[in-house]
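**Q** Pasting the feature list from Swiss-Prot:
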BINDING   C31, C36, C42, S267  [4Fe-4S] cluster 1 binding site
DOMAIN    43-256  domain 'Radical SAM core'
BINDING   C57, C61, C64  [4Fe-4S] cluster 2 binding site
Amino acid sequence: MEKKVQIAVYENENFKRVAEIVKKKSIATVCEEALCPNIMECWGSGTATFMIMGSICTRGCRFCYVLKGKPSPLDDEEPKRVAEAVKEMELDYVVITSVDRDDLSDGGAQHFANVVKTVKELNPGIIVEVLTPDFRGNIDAVKKVIDAGVDVFAHNVETVRRLTPIVRDPRASYEQSLNVLKYAENVIKKSSILLGLGETWDEIVETMRDLRSVGVSILVLSQYMRPSRKQLEVKKRYTLEEFKELEEIAYSMGFSAVISLPLARTSYKAKEAYFRAIENAKNHS
């Protein structure tokens, strides 16, 4: 019998506190903008993923709910507001992501770096994970973000090679994403694959193998869920048993940490995955 996936929906004091801080600081979160199914769990445990550089994306990937259009100019006060919010939430691990900003010459890399540096300065000892766009393949932009003091660098390949032109914006490419990850050096690397878009089992395994070949050590596998009728239809719903089997295959390939669950998203259980990766790296060193 197929096991069902259940979502715990509740509000506690932590949830309310996080919501109040986010509103007070006028900060966008991917939790809200992308309709993440884990918002109750994550905010309820006092964690959030901050989305910088506005909430309007210059790209139109066909799986994504984030609004596409012409973004507003960058807010120079945003690094300070994010850093203060992190401090008020008393976080020791933070995830920072962004929309694509193809309208900016560096894709927003300098602003990303400014946010990371300010968060680190105001919150000594904090672990910072970033989930970045591809910066149009600009490796100098990637290095600029990493050099700001990033502990985990995440960039999502999103889907298998064959489906990339269908699923992602034309300005994205499978090889470009692999190159971004390949040249992200001296940092723990992470990527995610959405399942249920029409890929085959062999293509999933091939994509996992490609990610390992460019040094990715943390892998997230999740079920694609259609956020509205404007996005692509779900082609297949994977069972918990299939997610477990893929997790085992991933570990056999040498990934240090794998989050393989229907409701997983890149930042889901990010802190747990980070420490698991660190521990596994020590055990194999």
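Placement of Cβ uses the backbone N, Cα and C atoms for every residue, glycine included.
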**Q** For a quick check of packing: other C-beta atoms within 10 Å of the C-beta of C64 ([4Fe-4S] cluster 2 binding site), how many?
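**A** For C64 ([4Fe-4S] cluster 2 binding site), the count of other Cβ atoms within 10 Å is 23.
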**Q** Could you tell me the C-alpha distance between S267 ([4Fe-4S] cluster 1 binding site) and C61 ([4Fe-4S] cluster 2 binding site) in angstrom, no decimals?
**A** 19
**Q** With the [4Fe-4S] cluster 2 site defined by C57, C61, C64, which remaining residues of that chain have Cβ atoms positioned within 8 Å of the Cβ centroid?
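**A** Everything else in range on the chain: R59, G60, F63, Y65, V66, K68, V99, D100, D169.
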**Q** Which residue, of the binding-site residues C57, C61, S267, has its CB surrounded by the fewest other CB atoms within 10 A?
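**A** Taking C57, C61, S267 as the binding-site residues, the minimal 10 Å Cβ count falls on C61.
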